[in-house]
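What follows is a single structure, written as structure tokens, with notes after it.
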Amino acid sequence: MDTHQSFNENQHPNFNSGNHGGINMNRFQRFSKPTISPIQQQQQPQPQQPSSIIQRQSIIMTQPQPQPQPQMIPIFREPNEWYKLIDMEMNKFNNESRPSPEYIKYLTQLFQQALDSLEHKNTPEFYLFLLNRATFQSKIGENEDAKGTLKYMKVLKMESFEVFVLLSEIESKSFRFSKARSIINRGIQKIPSRSKEFEGFLMVIDIQEDEFSRNGCIISNNNNISFNNGDVNNNSIIMNENDQPMVINLNPQQQQQQQQQPYEISSSSSLMSTPASSRHLSNRSSIVPTPNSSTKLSESIKTIGLRSVQPRRVIHKQTTTNFNTTTTTIPENSYDDDADQPMDHDGNNNNNFRIHSNNNNNSSANSSYNKSENDEDDQDEEDEEEEDEDEDDDEEDEEEYEDNNNNNNNNNNNNNNNNNNNNNNNNNNYFKYNRQQYILNNDSDTSTNPNSPASSNSSVNDIINSISITDDSKLDYENNVKLQQQQQQQQQQQQQQQQQQQQQQQQQYIQQQQQQQPKIHPQRFSLQNNTPTTTTTTTAATNVQNPSSSSSYISPPLSSQSSELQHQRRHSIQAQRANKPPVIPPPSKLHQNNLQQQQQQQQQQQQQQQQQQQQQLLLQQQALLQQQQQQQILLQQQQQQQQQQQQQQQQQKQQEQQLKKTNMQPPPPKQPQPQTQTQQQQKNINNSEIVDKEKSFEVAKSWSEVAMVNGKPYLRIEFIGKGGSGKVYKVLSGDLKIYALKYVCLSDPNEIEAQLNEIEMLKRLRKQVNIIQLIDYEVNMAKNYILLVLEFGEIDLSKLLQRLQTPNGTNVNFIRIYWQQMLQAVHTIHEEKIIHGDLKPANFVSVQGSLKLIDFGIAKAIQSDDTTNIVRESQIGTINYISPEALIDTSQGGPKQCMKLGRASDIWSLGCILYEMAFGYPPFKSFSNIISKYQAIINPHHKIEFPVHPNENLLKVLKLCLIRNPHERPTIPTLLNHDFLKI
């Protein structure tokens, strides 16, 4: 009986283990694991397997006939119980260094049971469950199953930062670095907020790929090691390479040889300098021996599905030559910092290396050395750098020493000294003392060089002992150095005295030569070291006169002396070099010309940069001037329009007053005057223009839709916008004028009432300049629509503010002009005893440069007490600009809300619009939740924040308009006379 079928019959009817939410979960797993209850698990016999066999959880054991599994009683838990249990077990699993195979099997079954019982939905809890399952599968080596779980998370739209990182880590374990990198790049596209962390993982992938290309494996990644299920005493290790295990078995002879002898490695191996390699070497004792003693090391390496690259577990190298055999060996405990250092047969410390050399009976002794570098010891690297610098100084000192000997004509001593130095260099090969002791076992006699006096008095071992300095003799060495410094100072004083004597003798000799020969060729003297080299008699004379000085200063050290004399010579030469003044050669003409050319080029570059900067500044200034001119032109135009509007209003008032005085008597009709020829010509021109317009309009009908309003055609040009149940189009009339056509569908009774109310208000305000003009309208109740032909506005105030908004805020001059026009428009409707009730930036449109008020759907007439009652089933107006009193219900429990509003309610809305013009956002924009925003508006204790603004008068106007008490708010005339509008 199939395990999944038996489990599906007994599980809860709401869940389906094979098909979760229409998705087959089994296709995301490489194989399905049987579900076994804990009781049946104890009853099943556990097969005994040898400890040398290494098993992995991910290997599928193919059998000819699958064994039938006993039917399991499903365990039903609440989802929270499953999540808590999985979380607890994963914490326990992460804390264990070597989880047992039984515990791994238990966790596998636990995850399977939870997966079958939980509902597969995109929830945070189920996301954590699947992420824990993928992490667990990756840690136990089930990389394919982990990838299947992560792919299933992608199907459930659970793409997160952790999913991409875990997928890329699995691919990098399998050395598919390009795929891992593509996964991280996909994660950067999906989750750009975590791009910095993704870039860090890209760097890790590059490092791993570099290690893999150099070493054949990832040394720094220690997560690729898992332990065998067998006996712990065997200490068998499996290293996952290309998602495949590798088993290394050694026979007993090889294991015994490894325990007795240190492991042999190549001195050029890069593993010696890395801390990670030391951990691999320390685990080499855990390689499992096999009972077969006749097999070799190469035969004992059994790879299971390995690719071209194999992990470097043991590096064995032995070089043989015709003359000598050299093997570098490392003790097992040489990489442990706390372990004691092994002792050689003489009782000396060996730090990390021993050198065993077997020399044949040849004519010359060939010494080989090895240099070890430890990255963990920074002091060793500094010592080596200092030694390299000392070697360079030695070479320079030897050259200077040879020059001094040549100047003093001590060629014989100089040749002996060079021979001694060459012999010493050939023998010791610059052995370094770097906190390590080198022991050279010389088993054969060395041949001597008859030309060198050192070969008869000292051997190779004496030279090494004279050069190498151990850790125990460092204090003695420092004391000797101090004594040498004192001796050097004394020698320097003696040398200075000798030089003074030589200079005096030279001056005397030069005076004698000048007396004998008044004309001397300039080439007979050389200025090297201030000593004449014209004849050999002078140097001979000085040598005869000062035999002690020449012997004490020029005599080279014999080869039988120790290295202390070499150190003395080195310090004396360094002291002489320090006392010499630096020789600065005069600059050549070519060098001077080059310097002049460079200076000229630099000056030219600086001049070009200055010119470019000046041009940029000029361009910026010109752009600013153009902007200022445009602003001034706009201001002048708006001021002219305002003056014209004021004049028209004054004329209307005067006409009304005259009508009142004349008791509403109409003026007498004008008598028709005879038409002149010019008037007739104008009429003819107008008639011809009308004919042309009609023709063009008829042509335009062929390519555009036509809307009929009261029998008049209007061509639809483009769609402007929509709001509620209405749509607005840009149309062209028969006389070729642009208008706005508003189409409203009468599906809601409230909408019908609002549109009819707007028509009445616009008809009432038809003669007002600051109000949008109603051109024509049609109400068709049979077809449930209303058509309104309105004056066309180019742009509303909301979009205009977005264009004018800058990082420094909107220009105060623009705010002042638009604020004045808004006040005049609202003052017009207040004079007609109308309250708008829904003032916002979108309800002010710009018509040929001037702002006009639109949307009178909820406007109401004011009653006798300067207020009006607005009854609605829901709130009215836009909440960002609505006044507190418009949100307070005064119906006292009635079926509909009743708000009592006045002119002060529109003042509050104007203040909110001015706040947005000044700071870029309305006063209650910070509250994202509509309920919290509602409570903040009606709360009298909530203080509105007023940011800092350079114009103090603007802040004063804002604070006056946003007073919570409507009786304390200013009126429109007060705001028009405020200092803010005075330029």
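Placement of Cβ uses the backbone N, Cα and C atoms for every residue, glycine included.
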(message) Checking feature assignment: region 'Disordered' per Swiss-Prot, candidates 441-460, 481-500. Which range matches?
(response) 441-460
(request) Examine the ranges 1-26, 53-78, 209-234 and name the one recorded by Swiss-Prot as region 'Disordered'. (result) 1-26
(message) For Ile720, Gly726, Val728, listed as binding-site residues, tell me which one has the smallest number of other Cβ atoms within 10 Å.
(response) Ile720
(request) Measuring Cα to Cα, tell me the gap between Lys722 (ATP binding site) and Asp838 (active site, proton acceptor) in whole angstrom. (result) 17
(message) I'd like to know the mean pLDDT over the domain 'Protein kinase' (714-981).
(response) 86
(message) Rounded to a whole angstrom, what is the C-alpha distance between Asp838 (active site, proton acceptor) and Ile720 (ATP binding site)?
(response) 21
(request) Note down the number of other Cβ atoms within 10 Å of the Cβ of Lys722 (ATP binding site), including every protein chain shown. (result) 12
(message) Under DSSP, is Asp838 (active site, proton acceptor) part of a helix or a strand, or is it coil?
(response) coil
(request) Using DSSP with the three-state reduction, classify Ile720 (ATP binding site) as helix, strand or coil. (result) strand
(request) Quick one: give me the count of other CB atoms within 10 A of the CB of Asp838 (active site, proton acceptor). (result) 20
